[in-house]
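Features reported for this protein in TrEMBL:
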DOMAIN    4-118  domain 'Thioredoxin'
DISULFID  Cys43-Cys46  disulfide bond
Amino acid sequence: MNEKIVNDEAVHAGIIHLTDGDFNEDKLNVSGAALVEFWAEWCGPCKMIAPILDEISSEYAGKLTVAKLNVDDHTETAPKFGIRGIPTLILFKDGEKVAVKVGALSKTQLKEFLEPHL
């Protein structure tokens, strides 16, 4: 993906940290696949999958953009997507929501979730 979703300061370990404004400005409407995790700092399962998302971000570089949105810091977006539990993973393809998974996944489960859409 050649188009940036947010500025370089928001990128950590290949993962982009989104804000409500990024969604409001339709910045996920890019070509290719983007995985967004809705998470919070206090969420144990979110902490469990963080290193897995780091690995996926590296392994799928060029095929998949991995991003996170902290639901406590950015409260407008989660309700728009019907987020009721975290972590919630939403996979976008060419700007359209194509798949949703709620709860922590193993690396194998996450790859099985992603592969049909890449």
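Cβ atoms here come from the backbone N, Cα and C positions, even for glycine.
No curator has checked TrEMBL annotations; they are predicted automatically.
Cβ contacts within 10 Å of Cys46 (disulfide bond), excluding its own Cβ and spanning all protein chains shown: 21. Taking H, G and I as helix, E and B as strand and the rest as coil, DSSP gives the domain 'Thioredoxin' (4-118) the counts 39 helix, 32 strand, 44 coil.
The Cβ of Cys43 (disulfide bond) has 19 other Cβ atoms within 10 Å, all protein chains considered.
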